[in-house]
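Novice: Got a structure here, written out as structure tokens. Questions coming.
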Amino acid sequence: MQEQIEGAVDEELLKQSVLNNDEDDRRLTKLRIERFRTTHTLYIFLYSALAALQFIAIAFFTRGFLLSRKVLDDVANRDESTAPAKFDRLVLLVVDALRFDFVIPVDVAAEGYNSHYHNHLRALYERWDESILLKFLADPPTTTLQRLKGLTTGSLPTFIDAGSNFNGDVIDEDNIIKQMCLNNKTIYFAGDDTWDALFHPYLSNVSMPYESLNVWDLDTVDNGVISFFEDHLLNNPTEKKEWDVLVGHMLGIDHVGHKYGPSHFSMAEKQSQVDGFIRQIIDAVDEDTLLVVMGDHGMDHTGNHGGDSPAELESTLWLYTKRPGTWRRQAPAAYNTTELGRYYRAVNQIDLVPSLSLLLGLPIPFNNLGWPIEELAHDDDEWRLFTRQTLMQLETYRNTSNSITDSSKLKILEELKINANSNSSDAGNYQAILLEMYKDLWARFDYYSIGTGIILLIISLAMLITITRLIPSIVVGQMLSELVPTIIVMPLVSNVCFLGVFYVLRQPAFLQNWLWASLLATAVGIIIGFYVPIFDRYNLTWLVLRFGEELSDYWSRVAAFLITLHALIFTSNSFTIWEDKIVSFSLTTLGMLTLYEFVFLPKRHSTSAILAAALGEKEGTVSGISSGQANSDSLPLGRFARIVGGYHSIVLIVCTRLASLITICREEQGAYCTPTFTLTNNYSFSVMLGCLFLVFATPACIKGYYNVSSSYQAAAPIWIGMLMKSILFVNFIYWELKTFENTSDTHGLNLTIFNLTISRIVVGVSLVAANIGWMMGPLCIKLNVHNNDRRSQQATILGYANAYGAQYFLLVINFFMCILLFNKPLAQLSLFLMCNQLLSILEIFDLLKLKENLIGPVALGLLSYQQFFSTGHQATIPAVQWDMGFILTERITFPFTHLGIVLNTFGPHILCGISVALLTLWKQPPGILRANTLLARVVSNCGMLLIYQTVLCLSTFIWVTNFRRHLMVWKIFCPRFMFAALSLIVTQLVLTFITIAFASGRLIKQIDRMFWK
């Protein structure tokens, strides 16, 4: 025992001697650590200010571009012109995502027939003599909240309303539900809680709203609606009914689409349930009750919606009454069900509002722009009555809004109005032209806000270029004590000046209120506070010349070309829809260029390394690197290094190509794209077998990279060999249970509690426990003592050559494990490939001595976008995987639901944002660079990744503005600009608060303390 204690003491003494534990060094170390801590804090403030500036720029642009129409508060009143009611009561059943081909008969031999969703909802087509079945065309965006607004107001919600699908407020403008309430009708409701959010003041207290956004729950809402109808309609005699309007909104079909896609046996089961329920309602209603069954939108082949493809826009409208002679049909050819109802008669959703108002004897809501459905008038006299009342409402709205001021347009409307009054068959032309005019009017933009946003983003880009490429990183570190205080003070000064001037004089109209004025003042203050110290040291001419010098390097020019190529994609809708292929091609091209560099140009000297050598010889104390080290970096690569580099280039190329095979297609890509990211493929046996393979392959691959630098020591085996393998196995069990749910009939077996428990364990361990362990745990190094003779003992530190990088990558592993859970099986295969791509990129740029070159961050930027597409995403609203928000919870719970969607959508961006520090830290031994120099280089690489993201965001801003009148602006360009803005925001937050604030500073300080140099 005594010998063991003495041996431990001797080893500790040896460690102290190896690490040069001198009292003077300790004192100097403390001072340097304090200086480092101050510098680190100042960097956090600097990048937080840059983030604030860019967020303000995005806010101004978004406010100016995403339209919001002017809503009139007027409410229509009943008068003598109001048509008499044809029905006393209304039963309204909304079946979410009731696509039109779901309800019509489809021949089993017809092209497009699918046994999972065709011919199960027959009730709507069988009662042909007593009902009217129509194709119901929605207006994009096809999200539930926006469709309900259109279905009840008769107006058109704008694109920005799609963002509020999670947060509906009571509709202020006139709507048919409000009119029912004002005309003393009692409204009972059960189903989607969006109704309660929009119409709460008008609904009866007995109403039963249910949470709507938990897309994994197929039955709760539907069963609740059925139970509610049983209590108040099906099992209740007509004379005892206390309601005038009974509304139900079922979600099962929509949720099956989101969870499984339409081609799943659950869709047939859910449609059969709805069919039986409708038949019960038909039997229960009397002649004085109108039954309306309708969908709010359709769904695409993946089961999603939100866009404007025909499958998403074509829904169903069915009106039924037991009273004979109520409807007047058009010619039979108008109701052609062949080719999945392609040529079937269609009406717009906004036409429902005037139609129901006329049938129920209600005033048509004031803001309505719809037109009555012709089949609802049983003769010409009634049709003339309907058209006259609707024309009066439309004319009143036009005169009150006073929006159309163009004399030529007014003349056209007056002529159409005269024709409509004399001939009711021409009345529809007036409404159609008026609707198109208002659509054009509502497409008005706030150019002051748009311009402000673009200018602020351009300036933020210039600021990033200044501190990352034009001024040496070590000099920026020295200037922080001047930059940060002025950046903090100047926004306060500018706020006082702006608000004071606006208060005394007049605030510009586009600022609207003091909040926007304050945001603009803050942005101006940050800009002034940044550039005052810069121009105190440097003049503009010198900075411009430095910019030209930065592009003189071969790899910098390659990086600039790749950034420019990506930014120019958004100049065309054709390029934008194929961005996934272009990005994959760009990353493959980069791999080919590095392979060419290693194989065919072995004597090429790294330009950046030569520059570092020159700086080292001339200004060794400023550059932070010894001249010997710099000169060694500039030497040509040896044969073994070229072989290794060629191998990693091939790995990058192959993994990129394999990942690009996993894709989800945009509608616009048509027959030129075959989707592989499908429900069937995701839960296939081969893919799940691949996920099981990943449990062992991923740790093995990472271990191989660690063994190259002898870094598989101490913490590494615990993290990679034990923790990671265990978490990946638990993750596999989770998705195996999901596969069982998706592909098998569980016979009532509820696996929810198991799934929630597993997911919470994975997130808790990977995101919380593992990161705490990383903060407090050992490094990936081991002290090897040679020769037992105490007088001649020697020691080797295994893992010393990659002490920074190996330890930092453990943090990347933590986030990788967490993000993996929130991605479907095929996406997990892609993320495994990403892990190899990432490590190969680090090895390549270490061998090429390009740790400070722009090409490194650009490569990671390309990787993040390439993996975004190969994990089942596109820059479209329907491609958002909303179901990933319910991995941690059964219902919407902030922040866990939102966290799941963010980690799923932006997982590759988060991983690349954290990993950008590894461009500096990978294969970086302690003692070569000072702590402040190392931190400065990490921050500089973070800034370069932000440059890449900012350029893309700026490009989308400019081109979406340029194409604001383009036919595809809301379908292609606008979603892409929104995604670019969100990508920049996520990257900013990750770089500022994780990479710089949490990870890099902590690790550099920890290693600097340990080695005391």
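Note: Cβ is positioned from N, Cα and C throughout, glycine not excepted.
This is the feature table in Swiss-Prot:
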type	residues	note
TRANSMEM	41-61	transmembrane segment
CARBOHYD	Asn184	N-linked glycosylation site
CARBOHYD	Asn205	N-linked glycosylation site
CARBOHYD	Asn336	N-linked glycosylation site
CARBOHYD	Asn399	N-linked glycosylation site
CARBOHYD	Asn423	N-linked glycosylation site
TRANSMEM	447-467	transmembrane segment
TRANSMEM	484-504	transmembrane segment
TRANSMEM	515-535	transmembrane segment
CARBOHYD	Asn539	N-linked glycosylation site
TRANSMEM	558-578	transmembrane segment
TRANSMEM	643-663	transmembrane segment
CARBOHYD	Asn707	N-linked glycosylation site
TRANSMEM	715-735	transmembrane segment
CARBOHYD	Asn742	N-linked glycosylation site
CARBOHYD	Asn750	N-linked glycosylation site
CARBOHYD	Asn755	N-linked glycosylation site
TRANSMEM	802-822	transmembrane segment
TRANSMEM	825-845	transmembrane segment
TRANSMEM	868-888	transmembrane segment
TRANSMEM	899-919	transmembrane segment
TRANSMEM	977-997	transmembrane segment
Novice: Under 8 Å, at least three CB pairs between the transmembrane segment (515-535) and the transmembrane segment (447-467) (pairs 6 or more apart)?
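Specialist: Judged by the Cβ rule, the two regions touch, with the required three close pairs present.
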Novice: Taking the Cβ of Asn539 (N-linked glycosylation site) as the centre, how many other Cβ atoms fall within a 10 Å radius?
Specialist: 10
Novice: About how far apart, in whole Å, are the alpha carbons (Cα) of Asn205 (N-linked glycosylation site) and Asn184 (N-linked glycosylation site)?
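Specialist: Cα-Cα, rounded: 15 Å.
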Novice: If you count the C-beta atoms lying within 10 Å of each candidate's C-beta, which of the glycosylation sites Asn336, Asn742, Asn750, Asn755 ends up with the smallest number?
Specialist: Asn750
Novice: Do the transmembrane segment (825-845) and the transmembrane segment (447-467) come close, with at least three CB pairs under 8 A (pairs 6 or more apart in sequence)?
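Specialist: Touching, no - the transmembrane segment (825-845) and the transmembrane segment (447-467) miss the threshold of 3 or more Cβ pairs under 8 Å.
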Novice: Sort out for me which stretch, of 643-663, 715-735, 868-888, 899-919, 977-997, has the most Cβ pairs below 8 angstroms to the transmembrane segment (802-822).
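Specialist: The listed stretch sharing the most Cβ pairs with the transmembrane segment (802-822) is 899-919.
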Novice: Counting only residues 6 or more past its boundaries, what in the same chain has a CB within less than 8 Å of a CB in the transmembrane segment (977-997)?
Specialist: 40, 43-44, 47-48, 50-51, 54-55, 58, 61-62, 65, 875, 902, 906, 909-910, 913-914, 916-917, 938-939, 942, 945-946, 949-950, 952-953, 955-957, 960
Novice: Please work out the number of neighbouring Cβ atoms within 10 Å of the Cβ of Asn399 (N-linked glycosylation site), leaving out its own Cβ.
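Specialist: Result for Asn399 (N-linked glycosylation site): 9 neighbouring Cβ atoms inside 10 Å.
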Novice: Do at least three CB pairs under 8 A connect the transmembrane segment (868-888) and the transmembrane segment (484-504), leaving out pairs fewer than 6 apart in sequence?
Specialist: no
Novice: Measuring Cα to Cα, tell me the gap between Asn750 (N-linked glycosylation site) and Asn184 (N-linked glycosylation site) in whole angstrom.
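Specialist: Approximately 44 Å lies between the Cα of Asn750 (N-linked glycosylation site) and that of Asn184 (N-linked glycosylation site).
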Novice: Mind checking which residues of the chain, 6+ beyond the ends of the transmembrane segment (447-467), have their Cβ under 8 Å from one of its Cβ atoms?
Specialist: 46, 50, 53-54, 56-65, 476, 508, 510, 520, 523, 527, 530-531, 534, 543, 547, 940, 943, 946-947, 950-951, 953-954, 957-958, 961
Novice: From the glycosylation sites Asn336, Asn742, Asn755, pick the residue whose C-alpha lies nearest to the C-alpha of Asn423 (N-linked glycosylation site).
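Specialist: Closest by Cα distance to Asn423 (N-linked glycosylation site) among the glycosylation sites Asn336, Asn742, Asn755: Asn336.
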